[in-house]
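What TrEMBL records for this protein:
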type	residues	note
SIGNAL	1-23	signal peptide
TRANSMEM	47-63	transmembrane segment
DOMAIN	64-462	domain 'Cation/H+ exchanger transmembrane'
TRANSMEM	70-89	transmembrane segment
TRANSMEM	114-133	transmembrane segment
TRANSMEM	140-162	transmembrane segment
TRANSMEM	212-229	transmembrane segment
TRANSMEM	241-264	transmembrane segment
TRANSMEM	276-293	transmembrane segment
TRANSMEM	300-317	transmembrane segment
TRANSMEM	329-350	transmembrane segment
TRANSMEM	362-383	transmembrane segment
TRANSMEM	403-422	transmembrane segment
TRANSMEM	434-453	transmembrane segment
REGION	526-558	region 'Disordered'
Amino acid sequence: MRTLWILVATGQLLAAAATTTSAAHDPAESHEEHVEHVDHVHPHVAILFPCLSMLIGLTITHITSRCQCLATIPYTVSLLIVGWGMGFLDVESAGSLGTLSESISLWIAIDPHLLLYAFLPVLLFGDAMSIVWHDFHRTAAQCIVLAGPGVLIGTALMYVVAKFVFPYGWGDFECAAFGSVLAATDPVAVVGLLKEMGASRVLTMQIAGESLLNDGVAIVVWLVFYNLMKGEQASAEIILSFLRLAVGGTAFGAACGVIVARWMSLASNRLVHSDSLVQVTLTITVAYVSFFVGENELKLSGVLATIFAALMVGKYAQPLVCDKDGLAAVWHLLEFFGNTILFVLCGVFSYTSTKNVEWADYGWLALLYILANLARGVMVGVLLPVLNCVGGSDVTKTTWKEWLVMTWGGLRGAVGLALALSMRNLLIQQGREYTANLMVFFVSGFATLTLLVNATTCSLLLKYLGLTKTPEAQIAILGCLRQELMFLSKKAFSDALASDGRFKAVHQRELDAMLEHLDAELGEPQDPKLHLQKGVHPEPETTDTDPERQENSKEKGIEPGTVQAWGHWWWGFEEIKVDRGVAVRKEKSAGSLTEQKRFGVAAKGTQQERVVYRKLFLSMLRAEYTRLMDVGMLPRRASGAELLLASIDAADDFAALGLNDWRILEKKLVHRRHSIRVKVRELLSPYFTFVPVEINGGAQYFDLFTVVAFIDAHHTVSHQLLKSECLSLDARADVIGDSLSEIEAAHRILKDNGIGARDISKVRTIQLASMLFQTQKDQVGRWKSQGIISEKEMEELLHLIKHGLDHWEELMKKQVLSSEEVSPLSKATFRTLVRLLPGR
């Protein structure tokens, strides 16, 4: 990853150097060649650019979630840098990237209206629907002031810059349209940053509300001057057109939102599975319908229509949603798609625009950046008394600190770029190629600078101004929750050790070390009685007294007398006993055929019933494997997770012959160590061998964790069948007998390879630790669902839990590597084991 970032940075430097040759390039000739090239490109290759953008976006998201130093860089900034890199590679290679260059050329030549119609609805609707109505209501007047008069003031100030500061001699309409484009803020990255850092709800709502509303108002203002640029005459109808666009779009959007909310109320039955699908589809449909109908058919503001439709849905439909998590996940995905593609495209446009300008234009861009930020500061400062007047309470009062953040948080993004591209097409048609390129250069360059500078430094500004400082009372609450989390964790440990026989022989020293570190991370619990005392659960005592077995254990590296894994008591389950004679007597004592039936199943153990019961047993076995994965006792990344589930599917085909899942599993369980085919398969496999046990002198190995999970699941399901009263006793006994044979076969592979209590104890220790971390994660999730903690506080607690897990991994690695004990499980094996601990 470090190499990738170095290459991107180097590409930017080379791009700056390459611009020295741009002055000699004829822009008009370049445009004609580009249009001619696009005409010969197949339209279907356009799919490559968004797919590659999503792949890059996923990579950035995955890496930043694991690397704290990169997590400080806003996601949109990273995408912008990637877009610059793609633009650099495409331009400097003269379009020799093959299909990728063709795909990029199609997106560069995209119609700006298509860009707006495709991406704006989902981005605007998703942001607006998540707004809390109460927050919007109490700051609505302030947002309207910033988005109404604020946009007009910002447009006027930037008109002055474009008309009287820039040396290009643009006309009045071009300057005014250019000013309205720069007046449209797009603080998506900063709003996310404000939420992440815990800024006040009022400040977050002021910036978010302004950005949503001024997009619509700025587009309305831009349309007025854009039409004038096309040659339409100025008249009093312009004012009426402005009111129609703004007021009509707001009213139409609100009506669409109320209608959809009413429809969602008719599809709000949680017992009907399709209702959830209907609700999610409705929200996506209304986002596009409100924008398209309002913008294209009714000639209203599609942006305002979409925003107010979303606000109405968020206000009225929130209690009606059947699956809130599903709805949020769908919209989060749509926003992720839209933002990723748009900001990468913005980066590509930003670089390609630099090829059609001169060196002096870079200086004017730097001056534009300074003057535009000053203009926004003047606009917010002039309106500050009005904001405090319409705020209505001290809660919504705007101080100089909020004024500074609102000024610095005025980012520009995709909306302004789309408007600039529309002006570019019009100016090219009018024969003003250089002016068209300058428009795109200044708008994309200014958006790039705001993202690279403002977005990345806004968090430092918030911290410096003390706007993200957590109140002392909240800190005290979080401290109590951390102590309670430790309290509940140790109680879960105690309960598991006391109630589950499988954990009688865990390695107590390792668990104590982990608990001590968790004490340091989360704080000492309030009840000292919950501290697990050392030595409460000692290492397993020696019970194996067979001389021949002891000698075999010595050869295998096991101390004489260690409890062997095939002892049923040691596994923590009661011995499975099926008295077939009792079953027969109970069947004969039944007085009638009706009494011999339980829930429609005959009591006689016919072959058909045995097949049905075996299939039932396999189905219950699958559910038990899934439960073991859910509680952390079977790692999802272990190869056994896939092998065990696959064995159920294959065994179901042979249910008429008996339970054969172990035979099927055993064939895939043992692997050759030095086979090239196996090594390649392991390299490409999404699964990892969890605890590989070497056999046959190291030439082969099998996964111990898979065998342990197999035995555990069979024991559990067999006991569940024994307790069932609705199944035929005779057929049930046959199925359980098959299960016992499978368990014995699994025990045999452990016995033959000298796997004893010490080795199984390692597995049990990992399982118990996994259950602890899963318990902590579930508890934090419950606090979040109960409203006790926020999203940010939940992430902080989960980070502490992950830190404790990482520390315990390092501790176990040191113990294993420094241990002199000899075991069939090599030190390399346990390096793999601790690398794939719970949560992985």
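Every residue, even glycine, has its Cβ placed from backbone N, Cα and C.
Note: TrEMBL annotation is automatic and uncurated.
Remark: the transmembrane segment (140-162) contacts the transmembrane segment (362-383), by the rule of 3 or more CB pairs under 8 A. Below 8 A, the CB atoms of the transmembrane segment (114-133) and the transmembrane segment (362-383) form no more than two pairs separated by six or more positions in the chain, fewer than 3 in all. Contact between the transmembrane segment (434-453) and the transmembrane segment (212-229) is absent: fewer than three CB pairs lie under 8 Å, with pairs separated by 6 or more positions in sequence. When Cβ distances are compared across the two stretches, the transmembrane segment (212-229) makes no contact with the transmembrane segment (276-293), since fewer than 3 pairs at least 6 residues apart fall below 8 angstroms. Tertiary proximity for the transmembrane segment (329-350) is limited to same-chain residues at least six positions away from its ends with a CB under 8 Å from its CB atoms, namely 49-50, 53-54, 56-57, 75-76, 79-87, 90, 104, 107-108, 119, 122-123, 125-127, 129-130, 188, 280, 283-284, 413-414, 417, 421, 440, 444-445, 447-448, 451. Contact between the transmembrane segment (300-317) and the transmembrane segment (241-264) is supported: at least 3 Cβ pairs lie under 8 Å, counting only residues 6 or more apart in sequence.
In this chain, the transmembrane segment (70-89) lies apart from the transmembrane segment (241-264): fewer than three C-beta pairs between them fall below 8 angstroms, excluding pairs fewer than 6 positions apart. Using a cut-off of 8 Å between Cβ atoms, the transmembrane segment (276-293) and the transmembrane segment (241-264) share at least three residue pairs, counting only pairs 6 or more apart in sequence. A Cβ distance under 8 Å defines the sequence-distant neighbours of the transmembrane segment (362-383), meaning residues of its chain 6+ beyond its ends; these are 145-146, 149-150, 153-154, 157-158, 161, 165-167, 182, 403, 406-408, 410, 441-442, 445-446, 449-450, 453-454.
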